[in-house]
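Asker: Questions regarding the structure given below will be posed in turn.
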Amino acid sequence: MGGASSPRIPSRRSAPYFTSLAFFGSSYIKVKNNRNKMLNPTDAASVALSFSVPFQMSGENPLSKLVEHCNKFVPGADIKMKAEPAKPESLLLPTDMNAYSPYLATPNWWVDQTGWPQLYPTVTTASSVDVYQNYLASSQLGGLLSSSVSAVASQLPAGINAQSALNITSQQRTIAKSFQHTKPMASSSSIPSVLTASNSSANSLVSSGSESVSARGTSGSGGTGKYPSSRTANKCECPNCHEIEKFGPNAIAARKRGVHNCHIAGCGKVYNKSSHLKAHLRWHSGERQMKKRSGDSS
C-alpha cells in the first residue's frame, strides 16, 4: 500500500452531476452542472460518455414496453401484440347453395315466357311478315275484345248485332257534332237522315236527343236557369245603343260607338261602361244620393 496512490475522486462541487435520465425510443439526457445551467443534448451526451454512465438500452420494441407497462395498472388485462395468421380463402368465399325452389309446382302461363302470345309476327319467312295476330282475342288473355263486344250486344234489341252497335255509336257522335253548329229544332223531321231503315232503335235515340236539345234551348232563352243565357235583360237603354240597334253600327259616327250617354235633358254625361250609366241614372231617380264634397257648404 505504501507507495500506491489511491485514485482521485473528483470533488462533488467541481464535477457535474445527473439529475434525471429517461428514454423512450431514443435517449435523452438532462444534465445540470454545478451552476444549475442546462446543457444541450450534445454536451450532455459527451459528458455522460466521459463519466462512463451506463445507458439503459433495450433491443425490444418501445411499443411493446409501453403495453407491458400499461398492463401493470390494469388487473386481469392481457394485451399482447401478435400477428394473426392469415385466414384461408375457403373461409372467405361463399359456400355453394342449392337452387331456390318456386312456390308453385306448375307455374302459370305468364311465368314461362315461351308460352306468351306473340305481339308481332316473326320475320323468319316473307309470308308471315304481313300476318297480324290479335293478342286481345288470344286464348290466354280470355278474349277481352270479343267479350266486351258481346256484352254490349247483349243489351241491344235482337235485330241489332255487334257491328251495327258500333255503327250506331259513331253516328250518334256525328249527329251530336252537327247539333252544336245548328239551331235547335222543335222536332226531328228536319234533321238530315244518316241512319238506315234497319236501325230503328237509333232513330228513337236521335229523336229523344233532339227533344232534349230543343227543350234546353227553350229554357235557356227564357232566362229561368241559374245563369241567364241571353243578355237581353242587361241591354243598355241609352240613345247611342238605340241608334246602333236600329240602324246598325256602321250607320252612326265612330266616336259614338261603345259610348253610353245619359238621356236626361241638360245632363250630357257620357260613360264607357253601361254599368256606370245605370249608376248615374239611379242618382237621377233618387235611389242613390249624391256624395257631397268636403269643401261644399250646401
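We number each residue from 1, going along the chain as drawn.
Using N, Cα and C of the backbone, Cβ positions are placed for all residues, glycine too.
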Asker: Using Swiss-Prot as the reference, determine which range in 10-34, 60-84, 85-109, 260-284 is annotated zinc finger.
Answerer: 260-284
Asker: On the 0 to 100 pLDDT scale, where does the zinc finger (260-284) sit on average?
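Answerer: A mean pLDDT of 81 is what the model gives the zinc finger (260-284).
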Asker: When the zinc finger (260-284) is classified with DSSP, how many of its residues are helical, how many are strand and how many are coil?
Answerer: 11 helix, 4 strand, 10 coil
